[in-house]
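Trainee: The structure that follows is given in the form of structure tokens.
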């Protein structure tokens, strides 16, 4: 005679129970007391969907559903007076029949419901939240209220990418994503009238279904965004900032907004080297690298329309915001020349270095960021060269000009006057600006340009006879070498300093040996002597 309700399964969590006026979706098995089944929603493959407490159900079911939780299972016994009474249902329910229903509640909502948002993780830093017209990239699991999964971006291994608030999403998701931070995780529960309504969506989402989205926001930008720059470390001394056309060497870590690393120059143990403002890098980086100092560290955040766009590249997904943490190692311009800063100059500085002079000096060589490359001090000996003869890089030949003994200077050499794009393997990076701190210790004046030997006094009128020691009318290389050595030792002649004696003498001898037979005759010597009067000659 009375309604009977047996709660056969009650879920641990029951945030909401059925009330009159709610809309429910449930499965059921309908049978008579003897076990004979008269109806089943399972056989039809769809839930029974109805408002509760509005007379759309038999009175006993209207009462039995009140207080149920989603995923709760009830066994309900309904007497005839609360079911189909003395009339029954022709051909299905006999008169005065007691009905048994095994009910499983699947879904529950109310017309007054709104989108529900439950944030279960929020990052400490949240510099920006989702606004209308923003473009977002997020992962999600989509389930019904009973926990049944109907879709997941994780299974596709690809984020869902969309604009927010402009109708590209169901209205409930448009609302539920607003205010999210990158890295935030939230559960968004959407009633069907803000989702796919009475019709549902294909085979996956039935009509009148509440949807639950477990969302993790990975990325966020607006098409109107420009790059953002955060200066993390700027050197106190910044004499020069990068401009369009400069060539930069820098290290970087490249990540997505959620912190996922996609590239790093550090992992390759090599800087990234490029021109700035010339389109050699993505537009956002071209802009972000302007105005930097050597040694500066900055973070550059680049929206996808200034990065790799909708298509992405390699490990970079389409429409991704990029974050570059950069460290500028050095930069220069192809028009740069050698920069010289005199740190100390002696009061007596009358003899200045010039091409051909033999120099002895100490140096410390480093990169612009201060990394030490080499030092003569650590070797315990000077570096010795003949200035202007290509024995050092072109920039050093320029930097050592017009220097006096005891002077100290800093010489900055751009790579096109140093070791160029290739550098020196294992020692000097390619395209590196070099800094030399130099102290000149000794200067031996060279000879006039074009000469390897000069007389300090008058030339003997019997020069050939003096060289031809055995008076056989022929001068061999050994005789020639001995004679030149004697002149240098006695102070009557001077060789170009810094060069190998044997090479100089052999070169002088070859110039005199016109027929190349390894002997210089008086005739050859005189001919050369005549040429010497008309032009330049080593002797």
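Even glycines carry a Cβ here, placed using N, Cα and C.
Just so you know, TrEMBL annotations never went through curation; they're auto-generated.
Dumping what TrEMBL says about this protein:
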DOMAIN    21-109  domain 'PPIase FKBP-type'
DOMAIN    133-221  domain 'PPIase FKBP-type'
DOMAIN    245-332  domain 'PPIase FKBP-type'
DOMAIN    356-444  domain 'PPIase FKBP-type'
DOMAIN    455-490  domain 'EF-hand'
DOMAIN    500-535  domain 'EF-hand'
REGION    512-539  region 'Disordered'
Trainee: What same-chain residues lie close to the domain 'EF-hand' (455-490): Cβ under 8 Å, and 6 or more beyond its ends?
Mentor: 501-502, 505-506, 508-509, 512, 518-522, 525-526, 529, 539
Trainee: What counts of helix, strand and coil residues does DSSP assign across the domain 'PPIase FKBP-type' (356-444)?
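Mentor: With helix first, then strand, then coil, the domain 'PPIase FKBP-type' (356-444) has 13 helix, 37 strand, 39 coil.
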Trainee: Limited to the domain 'PPIase FKBP-type' (245-332), I'd like the whole-number average of pLDDT.
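Mentor: Here the mean pLDDT over the domain 'PPIase FKBP-type' (245-332) amounts to 96.
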